[in-house]
Amino acid sequence: ALLQLSKYTKTTQPGSIVFPVDSMEKNREVVFSCEAQGDPPPFYRWKLNGSLLNSKPGSHHSLSGGNLRINHLNKEDAGTYQCLASNSFGTIVSREASLTFAYLENFRSHKRSSVSVREGQGVVLLCGPPPHSGALTFSWIFNEYPSFVKQDSRRFVSQETGNLYIAKVEPSDVGNYTCVVTNTVTKTRVQGPPTPLILRNDGVMGEYEPKIEVQFPEIVQVAKGSTVRLECFALGNPVPSISWHRVDGVPFARKVDVRKTSGVMEIPYFQQEDAGTYECVAENSKGRNSVQGKLSFFASPQLIEKPQDVQKAIDDSLVWECKATGKPKPSYRWMKNGENLEPTERVQVINGALSITRLGLSDIGMYQCVAGNKYGEVYSNAELRVIAVAPDFFQNQLKSHTLVKEGGDVLIECKPKMSPRGTISWRKGNDALRASSRIVILESGSLRISNTTKADAGTYTCAAHNQFGEASSSGNLIVKEPTIITTAPNTLDVTVGESIILPCQVSYDPSLELKFTWFFNEQLIHFGSHGGYFEKVGGQHSAGDMMIRNIQLRHAGKYTCAVQTKVDSSSIATDLIVRGPPGPPTSIHVEEITDTTATLSWRPGPDNHSPITAYTIQARTPFSLGWQAVSTVPKVVGGSHLTATVIELNPWVEYEFRVLASNAVGTGEPSKPSKKARTKETVPKVTPANVSGGGGSRSELVITWEPVPEELQNAAGFGYVVAFRPFGATGWMQAAVPSPEASKYVFKNETILPFSPFQVKVGVYNNKGEGPFGPVVTIYSAEEEPGRAPSRLRAKSLSAFDVEVYWKALPWSTSKKRVLGYELRYWEKNEKEDKASLLRTVGNRTMAIIQGLKGCTTYYITVRAYNTAGTGPPSPAVNVTTKKPPPSQPPSKVMWNTSNSKIILNWEQVKPLENESEVMGYKVSHIFFRPSIMETNTTSVELSLPTDEEYIIQIRPFGEGGEGSSSRQITIPKISVFSVTLSFRNHSNMLI
């Protein structure tokens, strides 16, 4: 039914062809493509220069489908071709296509005259191409092939004229020049006669300003998307340089190719913004010259709105829009069935739009909109069908059942297919329906009933009629009870963390199914998401209640319950106000700062529906552990205050401040920190703590203290002033310690007596001045080490591992050589003394036990006194040999049994090895309520029978070398009425 050109991918239209003339002699052929789609399939015809072609058998024009094939080409075949496609529904035409022939004739054979020039002069050698058709390219041979002239800043071959330009002739340029012309279509090449270039003998040409010989037209028309090539070259001495620019000063786009050495500028993919006036400037040391030309943008038409196939009823009206872009602005014409459509009273074309009134069957056909300017035309196709039919409800029956709520409005549509449009009437049951204020038959034929009642229910029939016939269609109207939300709109007030139920109760027609939907701020609530805060809790069919758990501030807003049935819908909104702690204050500024105070200002954050009652200020320094509350004036910052002064700050410390707001609900999030601010400097006020000292080397007074923390130094340049004097003296000696990290000062003077008392005090200072001194303390100078050795040193072996040592103490006094304790040195007989181990005692003790020794080993022992100055001379060494080690074998074959109220334990005698001490007895440890140890020199023991708790027992031998290895732990359970014998062998076997 439809004919289309260029609508589907497979559809093709003819394109223009340039054909080489020399190919005609080889019986070449040309094919113009044309393909259309339609049902029934189209047949094709072709026009040449507006006249139909004869494509009958025997003609050198033939058709293959829609394609035109031309055999045995001759020059009379050149011209404009157009394809026509037709079927029973109409005709459409293709765009026009041209056939032209390209050729290139030979140069005339006459000899060319010599060109005589001076050295330094410019020259133009003319090419004069022969008759031709089709694009040409030019080159020049110097003397003989294949030596071609190379283009540079001095030599230029114009592709417009073919001429060779030499800006400044040099002696090396003398010779024969031959112009070579190539046809880009036929690929043929011809050479002209050579032109001799010779030098004159009357001197060298002087310098002169540039003379532009190659220039572009004043106006150049450039098609959209094409590449424009401009040439500019000048003669001159010295050789001129060529430059390009736009007269309006707009810089070149990156795509512009400027070849300074060859005098060519190319602009690819030309667009509207590339249009303008361009200037070529040629200059040398003698002057400059320039030419200008305007590049004018044009674009062939492009359709942006096309007519679409349409089917109209008879007597109806038609408006087809057709719009295209292009420069110049396109004009429009319309064609019907391949012929131009002439305007009439009914047919008008305005701004490309085609309008036809009172459509009749004669208007049926294929229409084409043609938009064109002087650079081309574009075609768009559409089909117009005009129909005339009797009323028909086959595709648009009335709905069999239409539901409406009582009191609602209902529209019963009646849309029969008929052409022309006739009359429509309605019946209810068998009675004609009369229009009223509630019942209206619309212009479209549909029926609208307002404020429906139960009496409106029934069967309705729509009847349609025109001159070709009549038809009707019926449907039932069912009136239902309305759906009403019985819950009244409300505003609820809750506190953060609480839970609340939002009610949604309805009354409705029980024959209908209800659907509840909830919205929060007009966004649908998806139950099961949103963090589990929202939950449906309506347990009845008529209830759609929703619970909000653990309410947060972000849950404040408008909640809408929407209920829907097949008939109607209703909704109710509840405004939820959530009260919570205030939001963080904003715009925290430090207005003024001193050495110990800072005045702050801020703006309140949202109060979250509960008035702000107080503000809390916190501070942070590089020395604090996080944020700390600070003291303020006023002491309590009320909710109406937006400024306060922080007090008791440390001088010369960088502070950040933040503010927290509180209301009846609680304290909110803190504000963002203020910008860092440093308090002013002042003299120090805090002195070092724990001033003490003593010790050191001979003739030294050692003074120590705890450094003052940086946050208490109050200014840069912090240091210490150490003052001291001998006890009882009047004047003070002072020393400055400039390091704030210092914690020690040593005063050395040979006149200081050992262990002499000094009064000492430590003060502070910084760049702002001196601070106070701390309290005076008494510190002793360094003392002398003890001068005598202890006497009567004795040693006694207690076991294989322990030795007891005794000595006589030195006199204890507060003399210059105090004794703070004694140092024991001990080493094995086969070791050197410098490998000795040390053991120190404190105070005036005269006995010590050395532990952790080796068994059956001889040790040497010395003792010496010590104090803060060091150790005194050692006593003479004594030696002692430790006892043999205790038995290494644990008791074996441990057995137990019960007898009456006793437990009897037995084990085998432990036999020591040759290097072990003899067994003197056994220690039996048992835990029954509390740990207990029994000693025995036999291999058995009796214990009370456990009744409430179990026994845990271990047995180990002992001798003069100490305690030996223990048996494995034995557990004896609570015993009732039976006895059990349990034996362990080799520490692992158990027999029952």
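Placed from the backbone N, Cα and C atoms, the Cβ positions cover glycine too.
Caution: TrEMBL annotation is automatic and unverified by curators.
What TrEMBL lists as domain 'Ig-like' is 14-100, 105-191, 210-296, 301-385, 391-478, 482-573. Marked as domain 'Fibronectin type-III' by TrEMBL: 584-682, 687-784, 789-885, 887-978. Under the heading region 'Disordered', TrEMBL lists 666-694, 871-893.
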Legend entry - DSSP-assigned states of the domain 'Fibronectin type-III' (584-682) in counts, ordered helix, strand, coil: 0 helix, 46 strand, 53 coil
Inset, instruction - Sort the residues of the domain 'Fibronectin type-III' (687-784) into helix, strand and coil with DSSP and give the three counts. - result: 3 helix, 49 strand, 46 coil
Inset, instruction - Could you give the residue numbers and ranges of same-chain residues that sit at least 6 residues beyond the region 'Disordered' (666-694) on either side and whose C-beta is under 8 angstroms from one of its C-beta atoms? - result: 580-586, 588-590, 593-596, 598, 600, 602, 605, 608, 616, 618, 620, 627, 649-660, 701-708, 712-716, 718, 720, 760-775, 777, 779-782, 868
Inset, instruction - Pop the mean pLDDT for the domain 'Ig-like' (301-385) in here, whole number is fine. - result: 92
Inset, instruction - With DSSP as the yardstick, break the region 'Disordered' (871-893) down into helix, strand and coil residue counts. - result: 0 helix, 5 strand, 18 coil
Legend entry - Counts by DSSP class (helix H/G/I, strand E/B, coil) across the domain 'Ig-like' (482-573): 6 helix, 44 strand, 42 coil
